[in-house]
C-alpha cells in the first residue's frame, strides 16, 4: 500500500475521533475546536498558495493559462458544489439529547451525512494527489484534513445520536462520512496510479490548490468564528501557516523537500 494512500486513510479516519468525542459526554472546548479549524485553514492556505500552485505552474509543459485556469476551476467548482450540499450548523455540533426525535430530524441527519460524505470525497482525492506529487506537502494536507474531519465527525454524530438515541448508530453514520474520503483516495490510487503525465498531474495540483483555498476561506474560517465568536480565527490561521512554513523550511534544509 502506497504512502499517499495511507495518509488519505488516516486523514479520513480522523472523523471517528470527532464521532467518539460526540458520544462520550465530554464537551470539547469550543475555543480549541475553533483554533484547530483556523490552524487547518492556515496549513491549507500556505501549502496551496506557496507550494502547490507555484509547483504546478513551474512544471514542464504547463502554461500559465492552463495552470491558473485549473486553479480557478477548482476554486469555483468547490464553491458551486458547496452551495448545493446541506451544511452542519455549529450550534448543533455538541448536541447531547439522547431522546429519539421525529422522523424529520432523522431525515435531516441522513441529508447531513450525505452532504458531508460528498464533501469529503474530493478531499480524499486531493490528499492522495498532493501526497503523490510531493510527500512533504502530502503530510501537511493530511494533517489539515484530519483536523478538519474531527468537527465534521461531531457534526454528523450529534443529530444522528439525537434522532436514534443509539451511540453505535451515530458512530456508524459518522464513519460513513469519513469512509467517503478514503474511497476518494482509493479511486485516485486505482485510476491515476503512476501512469500520469507531468502536465496532467500539474493541472490536477492547480485545481486541488483552488479547492483547498476555497475550503479554507469559505468553510473553515467562518465555521471557526461561529463556533467561538469571542476569539479571532486569524490566530489559528497564522499559527497554522507559521508551523507549516517552519516545517517546510526544516525539511528543505535537511534535503528532504
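Just so you know, glycine gets a Cβ as well, placed from its N, Cα and C.
Remember, predicted model here, so these are calculated numbers, not experimental data.
Sequence annotations record features per position, and here Swiss-Prot assigns Fe(2+) binding site to 120, 123, 149, 152, 181. Residues or ranges marked as Zn(2+) binding site by Swiss-Prot: 123, 148, 152. Summarising the annotation, Swiss-Prot assigns transmembrane segment to 5-25, 32-52, 61-81, 109-129, 137-157, 171-191, 195-215, 236-256 and lists sequence analysis as the type of evidence.
For the transmembrane segment (137-157), the most Cβ-contacting stretch among 5-25, 61-81, 195-215 is 5-25 (pairs under 8 Å). When each of the listed stretches 32-52, 61-81, 171-191 is scored by C-beta pairs under 8 angstroms to the transmembrane segment (5-25), 171-191 comes out highest. Cα of residue 123 (Fe(2+) binding site) to Cα of residue 148 (Zn(2+) binding site): a span of 11 Å.
Within its own chain, the transmembrane segment (195-215) is flanked in space by residues 41, 44-45, 47-49, 52-53, 55-57, 59-62, 66-68, 70-79, 82, 122-123, 125-126, 129-130, 132-133, 141, 148, which lie at least six positions past its ends and keep a Cβ under 8 Å from the stretch. Residue 149 (Fe(2+) binding site): 27 other CB atoms within 10 A of its CB, across all protein chains. Neighbour counts of Cβ atoms within 10 Å were compared for the binding-site residues 123, 152, 181, and the top value is held by 181. Residue 120 (Fe(2+) binding site) counts 25 other C-beta atoms within 10 Å of its own C-beta, drawing on all protein chains shown. Shown in sequence order, 37, 40, 123, 215, 220 are the residues of the chain, 6+ apart in sequence, with a C-beta less than 8 angstroms from the C-beta of residue 148 (Zn(2+) binding site).
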